[in-house]
Amino acid sequence: MLTLTRIHTVSYEVRSTFLFISVLEFAVGFLTNAFVFLVNFWDVVKRQPLSNSDCVLLCLSISRLFLHGLLFLSAIQLTHFQKLSEPLNHSYQAINMLWMIANQANLWLAACLSLLYCSKLIRFSHTFLICLASWVSRKISQMLLGIILCSCICTVLCVWCFFSRPHFTVTTVLFMNNNTRLNWQIKDLNLFYSFLFCYLWSVPPFLLFLVSSGMLTVSLGRHMRTMKVYTRDSRDPSLEAHIKALKSLVSFFCFFVISSCAAFISVPLLILWRDKIGVMVCVGIMAACPSGHAAVLISGNAKLRRAVTTILLWAQSSLKVRADHKADSRTLC
C-alpha cells in the first residue's frame, strides 16, 4: 500500500509530558481497579460467598488491570522505542493486539453485567423470558469461565498467528522536501487486519449489551409509571436499584464508545500518517476511560463504598494518632 507519510517530530517536552500523564493514568487506574479486585477477592479468601454481580466485578477488574498495563507499555514503546520513520516493531504490534483482546473481554463482561441486572431487576411476564432470566442467574459463573477461556484461546491464536506470519517490508523512499517521504510498508497491514478482526468480533457482545440495557431502560419507565399511579413514596428500593444499574451501564457505554473511537482514529494516525502526537492523545483517552468507569462502579456499589469509608476512617485515625504522638513528644521536650 502506497501512503504519503509526513514525519512529525516530537519534542522532548511533549514526550515527557505524555509519559507523566501516562504514569498518572496508570497509577489511578491500577489503584481503582486493584481496590475493586482486592475487596471482592478478600471475600473469597475468607470463604464468604460472592454474589453474581461481585463475580462479574472481580473479573472486570482483572481485565481492566491488564488493559492499563498494556496501555502503559504502549505509551513507553511509543515514546522511547518506536521511531516515526520505521515500520511498527513486533513488540508494539503485539501489545496493541493483546489490548484488543483484553478490550473485547472487557466488553463481554460488561454484557454479562447488563444481562445480570436484567435478570435481577426486570419483572418478566412471559414464561420464556422468566426461564431465560433464571438461566442467566444460574449460569453466570459458567459464562464468566467461558469468557476467560475464549480470551485466553484468542490471545494464544493471535500471538501465534502474528509471529508465525512472514513479516517483510518494502520501502520506497522519494524525498519531496525536507520532511516528506513516500513509504510502501506491507508489514503494518498485519496490525490493521488484526484490529479489524477484533472489532468485528466485538459486534455480538455490543449488541447484547445494547439490547439488555434497553430492556432495563424500558423496565425503569414502566416502574416509574406504576409508582405514580399506586404510590407516592419517592424512596423505592426497586427504583433506586434500576437507577444505579443504569448509571453503571450508561457510563460504560459512554466510556467504551469514546475509547473505541480513540482506538479507531489511532490506527490511520499510526499506520498512514505517522502522527505520533495524535496517537499519544488517543492512547491517553483510551487509558482514562477504564478508570472513569471503575470510579462509577465504586460509587454505585454498597460494599465498595463501605470499604472506601473504612479506609478513609482508618487513614484519618492514623493521622490523628501521629499528630497526638508528635504533640506529646514536644510537650515532654
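Yeah, the Cβs are placed from backbone N, Cα and C, and that goes for glycine too.
Since this is a predicted model, take the numbers as computed values, not measurements.
Confidence across the topological domain 'Extracellular' (1-17), taken as the mean pLDDT and rounded to a whole number, stands at 66. Summarising the annotation, Swiss-Prot assigns topological domain 'Extracellular' to 1-17 (among others) and lists sequence analysis as the type of evidence.
Under 8 Å from some Cβ of the transmembrane segment (18-38) lie the Cβ atoms of residues 57-58, 60-62, 64-65, 67-69, 71-72, 75-76, 78-79, 280, 283-284, 287-288, 290-291, 294-295, 297-298, 304, 307-308, all in the same chain and six or more residues away from its ends. What Swiss-Prot records for 18-38 (among others) is transmembrane segment, and it gives sequence analysis as the kind of evidence.
Under the heading topological domain 'Cytoplasmic', Swiss-Prot lists 39-55 (among others), citing sequence analysis as support. Here the topological domain 'Cytoplasmic' (39-55) has Cβ contacts under 8 Å with residues 61, 113, 116-117, 120, 137, 140-141, 144, 303-304, 307 of the same chain, all six or more residues outside its ends.
The transmembrane segment annotation in Swiss-Prot covers 56-76 (among others), and the record cites sequence analysis as its basis.
Summarising the annotation, Swiss-Prot assigns topological domain 'Extracellular' to 77-94 (among others).
For 95-115 (among others), the entry in Swiss-Prot reads transmembrane segment, with the evidence type sequence analysis. Residues 53, 56-57, 59-60, 63-64, 66-67, 70-71, 73-74, 77, 136, 140, 143-144, 147-148, 150-151, 154-155, 158-159, 162, 191, 194-195, 198-199, 201-202, 205-206, 208-209, 212-213, 216, 248-249, 252, 256, 259, 263, 290 of the same chain lie 6 or more positions beyond the ends of the transmembrane segment (95-115) yet place their CB under 8 Å from a CB of it.
The topological domain 'Cytoplasmic' feature in Swiss-Prot is assigned to 116-142 (among others); the stated evidence is sequence analysis. Counting residues per DSSP class in helix, strand and coil order gives 21 helix, 0 strand, 6 coil for the topological domain 'Cytoplasmic' (116-142).
Look at Swiss-Prot and you will find 143-163 (among others) tagged as transmembrane segment.
Residues or ranges marked as topological domain 'Extracellular' in Swiss-Prot: 164-190 (among others).
What Swiss-Prot records for N178 is N-linked glycosylation site.
Among the features that Swiss-Prot reports, transmembrane segment is placed at 191-211 (among others), with the record citing sequence analysis.
Listed by sequence, the residues of this chain that lie at least six past the ends of the topological domain 'Cytoplasmic' (212-251) yet keep a Cβ under 8 A from its Cβ atoms are 110-111, 113-115, 117-118, 120-123, 292-293, 296-297, 300. If you look up Swiss-Prot, you'll see 212-251 (among others) marked as topological domain 'Cytoplasmic'.
The transmembrane segment annotation in Swiss-Prot covers 252-272 (among others). Within the chain carrying the transmembrane segment (252-272), a Cβ under 8 angstroms from the stretch's Cβ atoms is held by residues 3, 5, 88, 103, 107, 110, 185, 188-189, 191-192, 195, 199, 209-210, 213, 278-279, 281-283, 285-286, 289-290, 292-293, 296, all 6 or more beyond its ends.
According to Swiss-Prot, the feature topological domain 'Extracellular' maps to 273-276 (among others), an assignment based on sequence analysis.
Annotation source Swiss-Prot lists transmembrane segment at 277-297 (among others), citing sequence analysis. Through the fold, the transmembrane segment (277-297) approaches residues 8, 10, 14, 18, 21-22, 25-26, 28-29, 32-33, 36, 57, 60-61, 64, 67-68, 71-72, 74-75, 78-79, 106, 247-248, 251-252, 255-256, 258-259, 262-263, 265-266, 269-270, 304 of its own chain, all at least 6 residues removed from its boundaries and within a Cβ separation under 8 Å.
Counting same-chain residues at least six beyond the ends of the topological domain 'Cytoplasmic' (298-333), those with a Cβ under 8 angstroms from any Cβ of the stretch are 32, 35-36, 39, 54, 57, 244, 247-248. Swiss-Prot lists 298-333 (among others) with the feature topological domain 'Cytoplasmic'.
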Residues from the same chain, set at least six apart from the ends of the transmembrane segment (56-76), whose C-beta lies under 8 A from its own: 18-19, 22-23, 25-26, 29-30, 33-34, 36-37, 40-41, 44, 50, 92, 95-96, 98-99, 102-103, 105-106, 109-110, 112-113, 116, 140, 144, 147-148, 151, 280, 283, 286-287, 290-291, 294, 297, 301
The topological domain 'Cytoplasmic' (39-55), counted residue by residue under DSSP: helix, strand, coil: 11 helix, 0 strand, 6 coil
